[in-house]
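Participant: Marked as active site, proton acceptor by Swiss-Prot on the basis of sequence analysis: Asp136. Per Swiss-Prot, ATP binding site is recorded for Ile22, Gly23, Ser24, Gly25, Thr26, Tyr27, Gly28, Asp29, Val30, Lys45, and the stated evidence type is sequence analysis. Summarising the annotation, Swiss-Prot assigns compositional bias 'Polar residues' to 508-520. Residues or ranges marked as domain 'Protein kinase' by Swiss-Prot on the basis of sequence analysis: 16-273. As annotated by Swiss-Prot, domain 'CNH' applies to 556-867, with the evidence given as sequence analysis. Residues or ranges marked as N-acetylmethionine in Swiss-Prot (evidence: similarity to another entry): Met1. As annotated by Swiss-Prot, phosphoserine applies to Ser329, Ser398. Annotation comment: Swiss-Prot describes 339-358, 408-537 as region 'Disordered'.
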Amino acid sequence: MNPGFDLSRRNPQEDFELIQRIGSGTYGDVYKARNVNTGELAAIKVIKLEPGEDFAVVQQEIIMMKDCKHPNIVAYFGSYLRRDKLWICMEFCGGGSLQDIYHVTGPLSELQIAYVSRETLQGLYYLHSKGKMHRDIKGANILLTDNGHVKLADFGVSAQITATIAKRKSFIGTPYWMAPEVAAVERKGGYNQLCDLWAVGITAIELAELQPPMFDLHPMRALFLMTKSNFQPPKLKDKLKWSNSFHHFVKMALTKNPKKRPNAEKLLQHPFVTQPLTRSLAIELLDKVNNPDHSTYHDFDDDDPEPLVAVPHRIPSTSRNVREEKTRSEINFGQVKFDPPLRKETEPHHELPDSDGFFDSSEEIYYTARSNLDLQLEYGQGHQSHCFLGGNKSLLKSVEEELHQRGHVAHLEDDEGDDDDSKHSTMKAKVPPPLPPKPKSIFIPQDTHSAEDGNQGTIKRCPSSGSPAKPSHVPPRPPPPRLPPQKPAVLGNGVNSFQLNGERDGSLYQQQSEQRGTNLSRKEKKDVPKPISNGLPPTPKVHMGACFSKVFNGCPLKIHCATSWINPDTRDQYLIFGAEEGIYTLNLNELHETSMEQLFPRRCTWLYVMNNCLLSVSGKASQLYSHNLPGLFDYARQMQKLPVAIPAHKLPDRILPRKFAVSAKIPETKWCQKCCVVRNPYTGHKYLCGALQTSIVLLEWVEPMQKFMLIKHIEFPMPCPLRMFEMLVVPEQEYPLVCVGVSRGRDFNQVVRFETVNPNSTSSWFTESDAPQTSVTHVTQLERDTILVCLDCCIKIVNLQGRLKSSRKLSSELTFDFQIESIVCLQDSVLAFWKHGMQGRSFRSNEVTQEISDNTRIFRLLGSDRVVVLESRPTDNPTANSNLYILAGHENSY
């Protein structure tokens, strides 16, 4: 045993009286105690020693504390070993930890943060001068005494810096406060005491924002992002709230390169901590804890107040008078037939694959335009494509084991089929993706079937001012599946492309049905019973088209958006509506007793369903939310049974534990104007992008966790007003481009030019001031090199370069005789909506295929994701209750 390690064998209760347990540390419980001889208070950590346990860790902590005597270090009193328990006695800090304090007071003031940072740096300067490092600096390990002194505690992970171990090749600490070189210890080869300075910067952000950066991420995901070469050091979110000195202090402490990061002595000379700072700042903080003034602290994730007007939680559909005649449009709704909606190649797939790698959408009122061959290539390869990710997992495994030992019970599941992120993180990129050149116009490679287009690029990059995003040095993604020339995907522009059904004979449907039948027999799928959804009944297998069917009469809600979801347990199909009054749902299996039920009481302007996860822009701050749909429905069902319900949605986040919450805010997404979701057909990755007031957030779907995770936050001055916001997938780029505008083309044969922000790039491309924006109402990427652009009364089908897609079988321009408000792409046509009706025009001939017009009604498309939902109100009373319709009647299968 170390000679400097003295250990008393006497009964510690002869010297100390335990008063109460005040917390649990890394290796044991902590008690408040009183010295029976002197009356002095002490903190005693009681550690139960297990057989075979590594005693060196405990010994290390005792040696560390005994050797350190400094005003900013918790004082060590002595140690006792009694039976199988070790008692470590140390100085008692009555003020508690900063983490406990800010949970009561809210964010610390800038001067209070400066004072705490200075005292912490003084303690670290002392430790580092003695050849030691702390390695776990965070708010929970910075304590205050009753008189406002700052003390560093918890040396359970401290380590001496000796000549033989100048860099610790170990991995211990809390991930969110961890320096990049610590996260990448296996690859970088170690770290030194400068990792403590990084933690000081993270702690400063924690005290200002009540949590460290990336705290919403799984610890393993946070580590993975920190090890990527394009990782950007975090910053304070609110630029205006804090001084330039504070921003610069955080920037210096969070210098990514440890060789350039200032040490404690250097950082103590920063103006942020050299300003006049007295202990009274900490005393004021303690007074606020002891006498909390709830009126002065408002959580900046404050929930919405209850609406002034009571909103019913259950809204029944009004019964139509039997004598009341149908409107002209409702009569036409039952007569005009529509082809199925077109499933875009860049549209995320909501279903989970079955064992054969196919999706069975028999439970949906939806139809795909993609061929079985396309699906085979995509999903058949999808199972094999995971193999390239299988690299060495030693770093993540060691990290996960260490996190588990340190109390992080949650971990990533070892999902062989879906855990892309964890496997990516173990790979070393051989060659980073090439940076694009920096001219005004950027060439984007085209598919070989677009040889007739010119080779001048036209997609422009808008500036990512402030902190341009860097491309990630990640393993190369698998090459996109190549379609055989004789069977290209739908909407291809070659002679061999599938013919879009501009006629009413259903030839395309029959063609694909025959292919499906052949494929199913080959797979022997015919013997497998299909899952059935409890919604509107499917039509017979003879293709008869679909029509609009009324599903609700007299809806009082001010609806913004709509989507649908199928409950995996009951197989019931639900429509989900986002409205001013909240999120509501309608069970299509109960249309005989139609009623809407409220799921979430806050204003909602955008909805999207991914598997069993509902994404929404909700609340008075227009923040992105993630909802667990089964949990949301279960909670709503339980609340209906209670005589008096306490809505969990209204409970503050800290009262309701995260694991019990069915709805959670996605951090860094407040004031979201628009959102879009896209799937990269080259990689299968799915992305969610949000347009905030002055920035863009990019999130990626993580399959094992079934949630979107933030991967990019790009500062960017948004156009005002922001008319359109879509993502465009381009070849050989990891992340999609973000299109924020469309201007008129300038190059030869160029009709439009896409104004984009490139999350993959380290450089900025500035939008030319003399490029006028066009009145674009809709942009959607149908295929890899096929984009539909809606301009006023015209729809143009272009490639990524903005040139018209020329084909003998497809029309590249569709013209309408009204101002287009919204569109839905059908199998054979584009269905355009205007104020008093809708009109469909053939992809092949630009001829009218369907038309419904009723000047007595005002129509509005509420959603076309999975199910087309339409709203209708009387023209002479636009504020009257609305009727709701869906496009239904297609066979629910591939």
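Placed from the backbone N, Cα and C atoms, the Cβ positions cover glycine too.
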Participant: Just how many other Cβ atoms lie inside 10 Å of the Cβ on Val30 (ATP binding site)?
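Facilitator: Around Val30 (ATP binding site), other Cβ atoms within 10 Å: 19.
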Participant: According to DSSP, which kind of secondary structure is the residue listed as 'active site, proton acceptor' found in, if we only use helix, strand and coil?
Facilitator: coil
Participant: So for Asp136 (active site, proton acceptor), how many other CB atoms are inside 10 Å of its CB?
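Facilitator: Cβ-Cβ neighbours of Asp136 (active site, proton acceptor) within 10 Å number 24.
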Participant: On average, what pLDDT score does this prediction assign to the domain 'CNH' (556-867)?
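Facilitator: Averaged over the domain 'CNH' (556-867), the predicted model reaches a pLDDT of 85.
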Participant: When you rank Ile22, Val30, Ser329 by Cα distance to Asp136 (active site, proton acceptor), which of the recorded positions ends up on top as the closest?
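Facilitator: Of all the candidates listed, Val30 is nearest in space.
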Participant: Under 8 Å Cβ-Cβ from Ser329 (phosphoserine), six or more apart in the same chain: what's there?
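Facilitator: For Ser329 (phosphoserine), the qualifying residues are Gly837, Ile852, Ser853, Asp854, Thr856, Arg857, Phe859, Ser872.
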Participant: Could you tell me which three-state DSSP class Ser329 (phosphoserine) falls into?
Facilitator: helix
Participant: Counting across all protein chains shown, how many other Cβ atoms sit within 10 Å of the Cβ of Ile22 (ATP binding site)?
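Facilitator: Other Cβ atoms found within 10 Å: 18.
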Participant: Which of the three DSSP-derived classes (helix, strand, coil) applies to Ile22 (ATP binding site)?
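Facilitator: Note: Ile22 (ATP binding site) is in a strand by DSSP.
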